[in-house]
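Visitor: First the structure, then my questions, so here it is.
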């Protein structure tokens, strides 16, 4: 990597099959904004913004210290946000997701990272800059088993934006 600063975030990747299904459903909506590339679909846990390359080892250690449980993620709502954001959201966030995001944010703040002060909003961005978000014919219903979380590096060039996974850590199956 020939960069001094990296734009970084922790997130949940989507399984390939689920990303394809969401992409198909999104195309049927006919959104008028800028769609997030299928390869970039994810659920953000903590956005870090830009940080020096030298802090990567610290972030890797921080990720290794987290022990979260795997869980089923269900996206069953079409939501809108600021600046024309159109997202998939959840009617009921899994407790394991809230614990994972909370622990990540606690550790990141403790290490001196400035994070958004707003409450964690579990969502998957479909498109930005939408002027007229449509109503789907039927509510969305997408599910997948979240079994790992990832530190992503966001890069942009003439071809667009790419979220590259740098490190990933497993989420364990909860004991029954």
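Using the three backbone atoms N, Cα and C, a Cβ is placed for every residue, glycine included.
Just lifted these from TrEMBL, have a look:
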ACT_SITE  42  active site, proton donor
MOTIF     42-45  motif 'HXTX 1'
ACT_SITE  123  active site, proton acceptor
MOTIF     123-126  motif 'HXTX 2'
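Buried or exposed, and what's around them? Tell me for each listed feature.
Guide: For residue 42 (active site, proton donor), the Cβ neighbour count at a 10 Å cut-off comes to 21, with all displayed protein chains included.
Per DSSP, the secondary structure of the motif 'HXTX 1' (42-45) breaks down as 0 helix, 4 strand, 0 coil.
In the three-state DSSP reading, residue 123 (active site, proton acceptor) counts as strand. Of all Cβ atoms in the protein chains displayed, 19 besides its own lie within 10 Å of the Cβ of residue 123 (active site, proton acceptor).
A Cβ distance under 8 Å defines the sequence-distant neighbours of the motif 'HXTX 2' (123-126), meaning residues of its chain 6+ beyond its ends; these are 14, 22, 26, 29, 31, 35-36, 41-44, 75, 79, 81, 85-90.
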Visitor: Counting only residues 6 or more past its boundaries, what in the same chain has a CB within less than 8 Å of a CB in the motif 'HXTX 1' (42-45)?
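Guide: Cβ under 8 Å, 6 or more out: 9-14, 73, 100-101, 104, 120, 122-124, 149-150, 152, 163.
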Visitor: To the nearest whole angstrom, what is the C-alpha distance linking residue 123 (active site, proton acceptor) and residue 42 (active site, proton donor)?
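Guide: Spelling it out, the Cα of residue 123 (active site, proton acceptor) and the Cα of residue 42 (active site, proton donor) are 9 Å apart.
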Visitor: Give, as a single whole number between 0 and 100, the mean pLDDT over the motif 'HXTX 2' (123-126).
Guide: 96
